[in-house]
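Peer 1: Just lifted these from Swiss-Prot, have a look:
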TRANSMEM  3-23  transmembrane segment
TOPO_DOM  24-309  topological domain 'Cytoplasmic'
REGION    30-178  region 'Disordered'
COMPBIAS  53-84  compositional bias 'Low complexity'
COMPBIAS  85-95  compositional bias 'Acidic residues'
COMPBIAS  107-178  compositional bias 'Basic and acidic residues'
C-alpha cells in the first residue's frame, strides 16, 4: 500500500516537471522568433528609434527663418502657417504615386536615387517659395519706408516754397508801399506857393505830375531851366523831381554837366546793353558812335513833323 502511494506521488512530480520544462521551452522559442523578426514596413525606422519626423524638422527650419526675418512678420507668418499646414498635409497624405513619403533612414535605404532627388527638389522648392514670401514682405516694407520719406521731403519742399512766396510777397508789398509814399511826396511837391499855381485837388496834382513826365519824354533832351519855367518851379525843385522819378523807376536817363536831362527809354537801354553784350569789349568812342544810332534824341513833336512832311 505504501509503495503504491509513493509511486503515484513520484509519477505526479514527474508530470509536473515535464509540463514546466515544455512550457519554458515553448516560451523561449517564441521570444527568439520575435527578436529575430524584422521591423514592420509600415512604421518608419526613424519613428521606431525616436528620431523627429520630417514635419518637425521643417518646423524647426521655418522657426529659424522667422527669427532671421522679423521685419516681415505679419504677412510672412501667415504664409509660413499655411506652409506648416501644407507640410502636415504632405505628411498625412500620400504622394502622387499613391505612396507615403518615407522618413529618416528609410528615405536613404529604401528610396531610389530618382525618387530621392524628386523629394529633395520638392523640399528645395518649398523653402525657396517661403524665402520669396519673406523677400516680398521685406521689399514692401522698404518701399513703404521710401514712400514715407519721399512724402516727407515733398511736404518739406512745399513748406519751403510757401515760406519763400510769403517772403517775396511781403518784400513786394513793402516796395510798393515805399514807391507809393515817394509818389505822394513827389506829388505834394508840385503844389507851388507864391510863384506858381494855387494848390488844386488830387486830380489836378496827378495830371500835373503826368504832364511833367510826358513833357520830358516828348522832348528827350530837356534844359532844366526851361523845365522849371514850364511848370512854375525852381530849377533845384525840377532837379529834385527828376531824381525822385529816377529813384522809383518812372524815368530813366542822365543829367549832364551842361544842365540838361537826357531821357533814355527802357527799350533804348536794352538795345545798348545788347550791343555791348554782342561786341564784348567796347571802347568809349565806339559806344558813343553806336549810342547815336541806338538812342533817339529827336523830340517827339519834331519827329512827327518830319514824318508828316
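Placement of Cβ uses the backbone N, Cα and C atoms for every residue, glycine included.
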Peer 1: By DSSP, what is the split of the compositional bias 'Basic and acidic residues' (107-178) into helix, strand and coil residues?
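Peer 2: For the compositional bias 'Basic and acidic residues' (107-178), the helix, strand and coil counts are 70 helix, 0 strand, 2 coil.
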Peer 1: Taking only the residues in the topological domain 'Cytoplasmic' (24-309), give me the average pLDDT of this model.
Peer 2: 73
